[in-house]
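K.L.:
Got these off TrEMBL a minute ago, pasting:
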- B:3-103: domain 'FAD-binding FR-type' (DOMAIN)
- B:Cys250, B:Cys255, B:Cys258, B:Cys270: [2Fe-2S] cluster binding site (BINDING)
Amino acid sequence: MRYVKLSQENFEEFFNSLKRWGKLYAPVKKGNIYSFQHVENSSEIAFDYTRTMLPLKKFFVKPRDEMLKLKGGKWEESNGAEPIILFGVHSCDIHGLEILDKVYLAEPVDPYYKRRRENSIIIGISCMPDEYCFCKSLGTDFAMHGFDLFLHELPDGWLVRVGSVKGHEIAWENEELFENVTEEDFHHFREFEEKRANSVKRSLNKEGLADILDLAFDSPVWKKYERICLGCGNCNMVCPTCRCYEVCDLWVNAYEAVRVRRYDSCFMETHGLVAGGHNFRATRLDRFRHRYYCKNYFDPESGFNCVGCGRCDEFCPAKIEHVKVLDEVREGLQ
Amino acid sequence: MTFQTHDARILEVKELTPREKLFTLRFVDPEINRNFKYKPGQFVIVDIRGFGEFPISLCSTPTREGYFQLCVRRVGRMTKYMQELKEGDIVGIRGPYGNGFPMEKMEGSTLILVAGGLGMAPLRSVLWYALDTGKYENIYLFYGTKAYEDILFREEVIHLLKHGEDMKCHVKLAYEVESPSCIYLEKGYSPRVCKGVVTDLFRGENFDVENTYALICGPPVMYKFVIKELLDRKLSPGRIYMTLERRMRCGVGKCGHCIVGTSTSIKYVCKDGPVFTYWDALSTRGLI
């Protein structure tokens, strides 16, 4: 890793220079929630945000995404991706994006996702957890890769970790804005990281979790929560790693149609429905349990499919808490 | 790889039953047609432009080149559109997808094909592949249908019922609804044709379990009972193959609709399957 320092007085200039690389998006406060929005000025950015409602996936797998256009009976590929810079991304979201990468960039590569990923620059920012975060227990509270630059807050500026060639090029172009990191900066960096790590209140006990869940297939806890869950699919929409999509063709006019994909949710009854009306996940119990299995699938190479961002808890209208459900399932087995 | 599909022309439409039609297709581009290689048990995604896509298993055999066949049952909106198409019409095709049956691994063994209803379609690919290559010891086809009118590929099946023994192909049929045609068949070929369900066809059958593979495809309710018959005869779970159905939208492991399993065993039916062994089902909850 390469480390440089960006002083507070140089921040504005650095920020403005980023616009050369693409359209800038950063967390902005709207009412009580945060969301990644197009920004022109750094004053619009909510640097101390907790989490945006929709994660980064909205830039790569869009809620409604046009794939192909039908013209004269032939499909044409939809337009390419514009270069974007995502500024102020939290570590958990970077991990979330890496999980999506694993799916969408695996053979056969999803061309839309790949194009957008290649045209994006990720600039991370350090954060302070709130009561919903359980990232530390999943090891996603710190990003070692998956970003171009990562900004860590210092009393008088930012310690910048340069994580990619592209990040290096950005730093290179702005060389006069950066300075060397001092011992004192490292001290502050460590202090901040310790404070951050100690502020994570919620923790997921992942010891043997995958096997425990597997054994608890008939646990009464699923039945309890099935009755509480509204089946609205909100948790799917806001989850940085939920990625189910549905495809449909829509007519634009009598001669032109588009093939679009849009977010789907495993809480919808139609999710497991096949031709002829047979449904492989017919009850809400099946669907509720399925989501927990999908999120807590343990991949030996990349860990769980959950990054502990806390979105599913914060935006659940039934106030179901992810960690609590899993703890109860675990307790139910003893 | 994109989600672009390739033009394929419908060469022939044949009505198999009042609900099912058999489409014979060929890619318009000869190059694509030449390069289109598949295995029994694989599927393609059919694209009816402007209306949508649906997955369907290939029911022809790769041993017969130059065309491929799809058996389409009218069950929903997309299959209704498909059935309205005529010879000469164009549809989009992408694929083939999925793992297919391990035909090479099974060479030299006896194959027991157990089909229920529409499950005959993917197994027909295996059946013809096995007959064409002649690399298999014995081929049993146990086929359960509702009524005589529902027998898919009826001419082929009845032809094999009559003359299959010469090719070491043993066909057995079970039907549920009595009709003069069935009774006629039953009279001629009892006990190979009987009234009942597909598991009734196992009665009196024993296999050399060391040298036998079972391949199953049918409605979800069928698997449990067929597998029981096979396990009762001590066939190893690793030798029981079945092909499954899920809502496969993308076919390539992205859209998530066909995910099955639990925290230790998530699988995509479209790319890890649709052919699984019974051992997979034992270790992956929700598979069957």
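Every residue gets a Cβ built from N, Cα and C, even glycine.
Values in this document were obtained by computation on a predicted structure and should not be read as measured data.
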K.L.:
Write out, in the order they occur in the sequence, the residues of the chain not among B:Cys250, B:Cys255, B:Cys258, B:Cys270 that have a C-beta within 8 Å of the mean position of the C-beta atoms of the recorded [2Fe-2S] cluster site.
P.N.:
B:Arg246, B:Arg247, B:Met248, B:Arg249, B:Gly251, B:Val252, B:Gly253, B:Lys254, B:Gly256, B:His257, B:Tyr268, B:Val269, B:Lys271
K.L.:
Determine the mean pLDDT over the domain 'FAD-binding FR-type' (B:3-103), rounding to the nearest whole number.
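P.N.:
Per the prediction, mean pLDDT sits at 95 for the domain 'FAD-binding FR-type' (B:3-103).
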K.L.:
If I restrict to non-local contacts, at least six residues apart, and a C-beta distance under 8 angstroms, what lies near B:Cys250 ([2Fe-2S] cluster binding site) in its own chain?
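P.N.:
Those within reach of B:Cys250 ([2Fe-2S] cluster binding site), by Cβ under 8 Å and sequence separation of 6 or more, are B:Phe3, B:Cys270.
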K.L.:
Just to confirm: which same-chain residues, 6+ apart in sequence, have a Cβ under 8 Å from the Cβ of B:Cys255 ([2Fe-2S] cluster binding site)?
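P.N.:
Sequence-distant Cβ neighbours: B:Met248, B:Arg249.
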K.L.:
What number of additional C-beta atoms lies within 10 angstroms of the C-beta atom of B:Cys270 ([2Fe-2S] cluster binding site)?
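P.N.:
Step by step: centre on the Cβ of B:Cys270 ([2Fe-2S] cluster binding site), count other Cβ atoms within 10 Å, giving 26.
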